[in-house]
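Colleague: From TrEMBL, here are the annotated features:
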{"type": "DOMAIN", "residues": "B:20-216", "note": "domain 'MacB-like periplasmic core'"}
{"type": "TRANSMEM", "residues": "B:243-270", "note": "transmembrane segment"}
{"type": "DOMAIN", "residues": "B:247-367", "note": "domain 'ABC3 transporter permease C-terminal'"}
{"type": "TRANSMEM", "residues": "B:291-318", "note": "transmembrane segment"}
{"type": "TRANSMEM", "residues": "B:338-357", "note": "transmembrane segment"}
{"type": "TRANSMEM", "residues": "B:387-403", "note": "transmembrane segment"}
{"type": "TRANSMEM", "residues": "B:409-432", "note": "transmembrane segment"}
{"type": "DOMAIN", "residues": "B:462-648", "note": "domain 'MacB-like periplasmic core'"}
{"type": "TRANSMEM", "residues": "B:466-486", "note": "transmembrane segment"}
{"type": "TRANSMEM", "residues": "B:673-694", "note": "transmembrane segment"}
{"type": "DOMAIN", "residues": "B:681-793", "note": "domain 'ABC3 transporter permease C-terminal'"}
{"type": "TRANSMEM", "residues": "B:730-752", "note": "transmembrane segment"}
{"type": "TRANSMEM", "residues": "B:767-786", "note": "transmembrane segment"}
Amino acid sequence: MDQRTVAVADRLGKVYGSGQAAVTALDEVSAQFRRGEFTAVMGPSGSGKSTLMHCLAGLDTPTSGKAWVGGADLGSLKEAELTRLRRDRIGFVFQSFNLLPTLTAWENIVLPLTLAGTKPDQDWTRRVVDAVGLGDRLGHRPSELSGGQQQRVACARALVSRPEIVVADEPTGNLDSRSGAQILGLLRRCAKEWGQTVLMVTHDPIAAGYADRVLFLADGRIVDEMAGPTPDLVLDRMRRFDGQAVR
Amino acid sequence: MIRVAWRSMTDNRTRFLLPAIAIVFGVAFVTGSLVYGDTVRAAVEGAPKDFDVQVEQRDNKAMSPATVEQLRGVAGVGGLRPVAEGPTFLVGKDGKLVGTPGSDGGVGFDPQRHKLTSGTAPAGRDEVALDKWAAQRAGYQVGDKMRVVVAGTARDVRLTGVFDYQNTRIVQGGTLVAFADATAREQFAPGSGGYTSALLTAAPGTSQDALATAVATALPDLRTSTADELTGLEASDNDKLTMILLIFAGVALFSSAFLVSNTFTMLAAARAREHALLRAIGAGRRYVLRMVLTEATLLGVAATVVGYLLGVGGAAVLKAQFAVFEGAPVPLRPFTPATVLAAFGVGLGVTLLAAYLPARRAAAIPPIAALRTGLPPTGKSLRRRNITGFVVTAIGTLMVVLGRGEQTMIYLGAPAMLIGLIILTPLLAAGLTSVLRGPLTRFAGLTGTLAVENTRRNPRRTGATASALMIGLSVCAAVTVPIASISAKSAETAKSWNSADIQVEALPFADISPSVADDIAKVPGVEHVTALHQALLPLEKGALQVTGVNAGSISALVPLTIREGSLDQLGTGIAVQSGVAAAHGWTVGSKVGKEKPLTVVATFDAPEEFGADALVDTANIPAGELWTREVLIKAGGSAEKVRDDIRTALDNPVLVVQTRDEYIEAQAAQFDLYLNLLYAMLSVSVLIGAMSVVNTMTMSTMERIREIGLLRAVGLGRSQVGAVLRIESVIIAVIGALAGVVSGCLIGAMTVSGQANTTPVLPWDRLAVFMAITVAIGVAAAFVPARRAVRIPILTAIKTDTE
């Protein structure tokens with residue numbers, strides 16, 4: 001295992017249900033995620049890309065195999081340790097409903113630190129907030145922010161605790177293309193400039209084009225990997241999936 | 001965290017409003033009861049006491065001047081004041097009584113105690129002085145003519161003076177009429193030249209108790225009570241009232257708990273994603289639990305503060321309502337540490353307890369729920385709950401049924417039964433609605449089906465909502481059935497025990513003068529009249545309870561069955577009830593009595609309520625030995641006219657003159673006042689139950705905005721949406737009412753059936769009113785939610801991401 005490896009999926013398997021009704025969501029998936037690498041996971045609906053992400057983020061438990069984050073075997077962690085891991089080592093950006101409606105943007109951003117009971121690192125927090133570029137909107141509640149602004153607050157929250165890995169689940173799914181581009185640019189920047197590991201699940205070839213590499217999943221298995229993707233290349237690859245699906 | 005909780009509460013203002021009001025009511029009830037109790041107690045205990053020990057004759061006879069002299073000689077007696085006092089009623093300018101009958105009194109004027117503020121001391125039989133609060137209330141001034149009633153006789157007197165005096169009875173709203181000393185002694189201790197009691201003060205260094213013991217040892221014929229004992233007696237009556245108020249406050253708070261619990265359950269469901277998000281980004285379960293409980297704490301504290309203030313206001317109203325303080329003004333005591341502590345204890349305690357389970361469930365949400373759009377299904381099996389419910393209900397019901405007449409069994413069994421039913425409400429809801437589905441579908445079509453299915457969607461919620469209403473109505477039914485049964489029995493008795501056209505009774509605490517029967521006999525139109533005097537006829541061994549009657553009229557007024565002999569000679573003899581005669585071995589011709597034996601002329605049987613062991617003519621009872629129970633009259637011609645004439649002739653407000661119909665009605669209605677008071681107290685619980693239905697309807701409608709939008713999009717009209725919600729809410733209310741009324745009736749009936757001679761009567765009219773109120777609650781509860789739901793434009797509704 002590479003020194004720079006941050007997260008590992010080791011022959012991860014996930015089966016929902018049992019017997020006749022059993023559905024295999026993940027079938028012995030193995031992958032490594034290195035520091036500062038921005039990985040996109042793509043695949044058609046039901047390919048298992050979300051399940052992979054949930055298992056790596058400690059939100060779901062695999063039925064076989066292991067998931068490691070920062071040297072910790074998630075399967076061996078107790079409930080409280082898993083909670084702490086999510087708080088300190090993983091940053092989340094969801095497709096929607098990312099923010100607590102009762103907190104201001106600033107309070108949402110520092111929420112992981114509040115939960116941990118630590119004081120915000122002033123320099124770092126400032127840098128993160130500057131990077132997402134919200135400036136004067138920090139005192140507003142989520143309902144007073146646009147969708148793009150809300151998603152930028154979510155990104156800032158995911159980054160503020162300097163997690164091992166930022167996990168983003170279709171972060172641009174609900175946004176217009178301009179706001180989406182801002183978010184993706186932000187994620188790429190923190191990978192490039194701050195060495196932040198980012199794992200993003202998406203079905204949008206343009207979004208995948210921002211990543212350093214793309215993992216393609218189908219039927220619970222990794223079927224391809226592409227380094228240095230561009231939207232066109234990704235789209236081509238996706239078309240081939242569709243063709244397979246039709247056939 | 002407090003700040004976040006506060007914001008969350010203000011954001012969800014409408015949702016927290018109803019549970020807050022429910023807690024406010026409960027806390028106000030508790031606070032009001034305690035503040036009222038404290039105030040009364042302080043007033044009674046704080047009233048000036050100018051003696052240490054009260055001494056009376058054990059046989060309640062007059063205390064002779066010789067005894068008074070003996071008392072003076074007892075060691076430890078510092079001062080002695082002989083007193084002649086007794087019940088005395090003051091007639092107001094409107095002809096009605098002033099004051100509180102149980103606390104109204106008359107006494108010999110004592111310039112040392114009764115400090116005149118105006119006028120002069122009373123002299124002679126026709127002059128009196130009044131305490132200043134009584135004079136103020138009645139509006140009498142020195143020199144005014146007025147009437148007082150002593151020993152059943154009303155007479156005209158002149159007010160010569162007004163004095164300042166306070167004792168525990170005046171504090172409780174009583175009036176005090178002071179007579180010239182000789183007049184008081186003649187009135188209250190007639191014929192003896194003595195007094196009714198003596199008030200002692202202890203010599204320095206002697207305690208109240210030591211003095212009482214010294215007196216009791218020296219003069220064992222006397223009964224002693226220390227001032228503290230007497231005050232305690234007065235205060236304990238008020239403590240009982242406070243207890244009763246607190247019990248009803250408890251019922252109200254119990255109902256509130258369901259409302260609070262329901263609110264937090266529904267909030268937890270609505271905010272499931274919020275909690276899941278918190279969990280996903282690293283909040284532990286305890287954090288979510290603490291967050292929800294912080295909200296509950298804030299709600300509890302805010303509601304307690306408001307409730308406390310409302311309670312103090314309520315106590316002020318009680319103070320005004322219950323005439324108790326009409327006399328000397330008594331300051332309200334709104335902030336005693338015990339009351340503050342109790343208010344916060346129950347307000348905060350009930351809120352936190354009610355919120356705890358929902359909070360735990362909220363904390364148990366898996367983090368991954370943050371990523372799911374649909375609400376996680378909460379289809380946990382009800383099986384264990386139902387089994388528990390059945391067992392508890394069965395135990396409670398068994399205790400109630402088997403414990404007939406055994407009060408403690410019912411006190412323990414009834415709550416168990418109700419708690420069992422509360423556990424069972426989801427099952428009841430599921431059962432009842434499955435029965436209702438068919439008829440409602442036929443009756444109301446699709447709207448009916450939708451409404452029934454809505455109530456079935458979450459049986460736990462429907463059950464908890466119905467429970468809040470059930471509790472109040474159950475207690476309502478449980479108090480109504482016994483009172484209705486006793487009232488029916490009273491009316492039945494009133495019809496059968498005599499055949500008089502008109503009856504005269506005295507108000508409670510008042511007497512009928514022995515001469516009233518003679519006065520009535522003079523009224524034109526009166527054909528027969530007899531007083532019923534109770535007296536004791538001394539026998540060789542013991543005494544016989546006899547009833548003095550008008551020998552010539554009694555058989556026309558009371559349905560007597562003569563077993564032996566005849567009543568023709570009753571004027572000089574005695575008639576004995578057949579059972580009593582048999583017990584003593586008397587027959588017609590036997591001689592009865594020690595000093596002036598009377599010949600038994602007849603044995604008879606009479607309705608039990610007549611209650612006479614033996615009948616004699618009043619003339620054969622020595623004056624002063626008798627107590628008049630009531631007077632029965634047979635009228636020739638219109639009973640109403642004769643009644644009015646008798647009233648005019650007697651002109652005495654302590655005497656109640658009623659025709660037969662009025663009497664029967666009064667007997668049946670004698671408990672209505674209590675019942676209405678109970679209803680007033682229970683209305684708080686029922687109101688909270690109603691709010692619970694409103695609460696559930698409001699929140700469940702909010703949850704379903706999208707669904708309702710969809711229904712409207714496919715063609716359900718606005719009025720139909722309203723109908724669905726209305727039927728739904730009526731069903732919930734009726735489930736609660738049915739469970740409550742049925743269980744309450746059972747508890748009430750079992751309480752009664754233990755009592756001798758009383759058969760349980762179900763008051764169908766009142767039960768119907770309960771059900772009607774329930775349906776009204778249901779319809780009203782759906783009003784606001786329905787209006788809000790249909791006002792949302794369809795497109796907005798469909799797009800609403802239900803939180």
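Quick reminder: no glycine exception, Cβ is built from N, Cα and C everywhere.
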Colleague: Could you tell me how many residues in the domain 'ABC3 transporter permease C-terminal' (B:681-793) are helical, how many are strand and how many are coil under DSSP?
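Modeller: Counting residues per DSSP class in the domain 'ABC3 transporter permease C-terminal' (B:681-793), I get 96 helix, 0 strand, 17 coil.
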Colleague: So if I exclude everything within five residues of the ends of the transmembrane segment (B:730-752), which remaining residues of that chain have a CB under 8 angstroms from its CBs? That is, six or more out.
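Modeller: Beyond its ends, the transmembrane segment (B:730-752) has Cβ neighbours at 397, 400-401, 403-404, 407, 410, 414, 417-418, 421, 425, 428-429, 432-433, 436, 451-452, 455, 462-463, 465-482, 485-486, 689-690, 693, 696-697, 758-760, 762, 767, 770-771, 774-775, 777-779, 781-782.
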Colleague: Mind checking how the domain 'ABC3 transporter permease C-terminal' (B:247-367) divides into helix, strand and coil residues in DSSP?
Modeller: 98 helix, 0 strand, 23 coil
Colleague: Contact between the transmembrane segment (B:291-318) and the transmembrane segment (B:673-694) is defined here as three or more C-beta pairs under 8 Å separated by at least 6 residues; is that satisfied?
Modeller: no
Colleague: Looking at B:243-270, B:291-318, B:767-786, which one has the highest count of Cβ pairs under 8 angstroms to the transmembrane segment (B:338-357)?
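Modeller: The stretch I would name here is B:291-318.
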Colleague: Counting only residues 6 or more past its boundaries, what in the same chain has a CB within less than 8 Å of a CB in the transmembrane segment (B:767-786)?
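Modeller: Those are 469, 473, 476-477, 480, 686, 689-690, 693-694, 697-698, 700-702, 721-722, 725-726, 728-734, 736-737, 741, 745, in sequence order.
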Colleague: Within the same chain, where does the transmembrane segment (B:291-318) have neighbours whose Cβ lies under 8 angstroms from its own Cβ atoms, ignoring anything closer than 6 residues to its ends? I mean 6 or more beyond.
Modeller: 1-2, 4-6, 8-9, 16, 19-21, 23-36, 39, 260, 264, 268, 278, 332, 334, 340, 343-344, 347-352, 354-356, 358-359, 362-363
